[in-house]
Amino acid sequence: MDLLIVGLGNPGSNFFHTRHNVGFELVDNLVIKNGLSLKKVKNYEYSDFNFENKRIVLIKPLTYMNLSGNIFPSVFAKFYMKIANLLVVVDNVDLPLGKCKLRKVGGTSTHNGLRSISLSLGSTNYGRLYIGVGSNNESSLREFVLAKFRGSELERIKSVFEFLSEEILGIDESNFEHKVATINSSSF
């Protein structure tokens with residue numbers, strides 16, 4: 001099964017290492033780990049390569065989080081992919097820091113990036129990889145997700161990226177449930 005991995009985040013160096021940008025940073029980690037580079041097209045960056053006899057396309061939307069869905073008509077047309085190939089990597093404030101959750105389908109909850117994608121696709125039937133960024137009652141949700149990780153938090157998230165970089169490229173229909181068990185039982 002070919003895989004279209006879309007990491008959500010906000011473009012610009014001021015968002016680097018923020019909780020909302022874990023999707024971007026996982027894509028960056030995959031690019032570096034596999035000796036790739038990102039190419040820019042209109043409103044997204046991508047890398048297209050083969051891994052274990054399947055096509056992998058990595059995407060970083062450059063539309064800002066709340067408009068992430070805007071890229072999908074051109075992405076699906078350019079790469080000849082379908083919703084069945086899609087895995088969206090996104091932050092989740094309902095999961096503890098470092099906890100991950102892989103799902104085949106799901107809702108949008110309070111996540112505007114997922115809401116934008118679901119509206120654009122007309123469906124919520126696409127894969128999601130949630131990365132727990134913790135929660136905080138001291139600030140608003142917006143302030144919290146746009147805040148940078150601190151010291152030991154950043155080290156934990158980097159460990160998550162290393163682990164996920166080993167796990168997600170191998171996802172396919174035959175091992176999806178095994179990958180769910182492996183990823184969902186991990187914690188950093």
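The count begins at 1 with the first shown residue.
Each Cβ is built from the backbone N, Cα and C atoms, and glycine gets one as well.
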Do you know which of Asn112, Asn125, Asn136 Swiss-Prot groups with Phe15, Tyr64, Asn66 in the tRNA site?
Asn112
Position of peak Cβ density within 10 Å, selected from the recorded positions Asn10, Asn66, Asn112:
Asn10
Nearest of the recorded positions (Asn10, His20, Asp91) to Tyr64 (tRNA binding site), judged by Cα-Cα distance:
Asn10
For the recorded positions Phe15, His20, Tyr64, which Cβ has the most other Cβ atoms within 10 Å, all shown protein chains included?
His20
CB neighbours of Asp91 (site 'Stabilizes the basic form of H active site to accept a proton') within 10 A?
22
Work out the three-state DSSP category of Asn66 (tRNA binding site).
helix
